[in-house]
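Below: the structure, in structure tokens.
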């Protein structure tokens, strides 16, 4: 009965999963282990039976008879199923060789799949890189087109007098201009003899409200000999003008002579104003000392010019004064005529 139970187990194991190869291997291993265990049990039983008395031999004969009777009772369908289940196991070497071939095929398939997957991944990566490059190129083209459109838009102003518009989306330069060579103050040479900062305190001359007078006074005191040189140069130029015959040379000499005379006249006027101012200050100090005044009265610039002009005409002779007054009248008349409207200027002319 034990053999029929084993056969039934084999049949059920095969029925459980006929399609899977791994279950067949497991069932074959179980059958081998069971058969080996049965053989070991039978060997042990034989050894024990050989060692035992003849009574045991009779019991063995009874057991064989029982097995034969049990085998005779098994149906042909069960035997066919058992044969089907045991058929592949009898060809163990071939089955094993077939399994190795299947494993090799599976490995080859996996290798080919891995290779295909690797090649597919590489192709996909290349495709992505190609797409990225195409997108980048398209973006650069779009940016160029947009820049051109912006430039055209910037150039197209409402009028030529309209201010130019510049976008603030420009990258800041990484370089910073620490010292600009154009805006750096260049070293200028100066002569301290003619510098007002030095002359204002030279020779005991203190600063006053008339900043132009004290510097001129210091320069006049220190370089009074230059007036003699200027007079000599003026006479020399007049002599050259008298001897010259070319028109261009005469025009150039006349221009130089007039500029020198104007400069000399301006210096004389400044000196006259300085003398008038000095006389006025001296007079005011004397009045304060005498107690006739409590506070000094300071001349305005307009009053100072009037006093200087009055002193100038008083120092002149009769004919020279008349010429000076006539010259002054013409100068004032021309100035007023320039300020007059054009319609009135024509009527009076």
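Any Cβ shown, glycine's included, is placed from N, Cα and C.
Looking at 239-258, 259-278, the range tied to region 'Disordered' in Swiss-Prot is 259-278. Same-chain residues lying 6 or more positions outside the compositional bias 'Basic and acidic residues' (313-325) and placing a CB less than 8 Å from one of its CB atoms do not occur.
Long-range neighbours of the compositional bias 'Basic and acidic residues' (117-158) within the same chain, counting only residues 6 or more positions beyond its ends whose Cβ lies under 8 Å from a Cβ of the stretch, are 164-167. Here the region 'Disordered' (259-278) is broken down by DSSP into helix, strand and coil counts: 20 helix, 0 strand, 0 coil. Here the compositional bias 'Basic and acidic residues' (313-325) is broken down by DSSP into helix, strand and coil counts: 11 helix, 0 strand, 2 coil.
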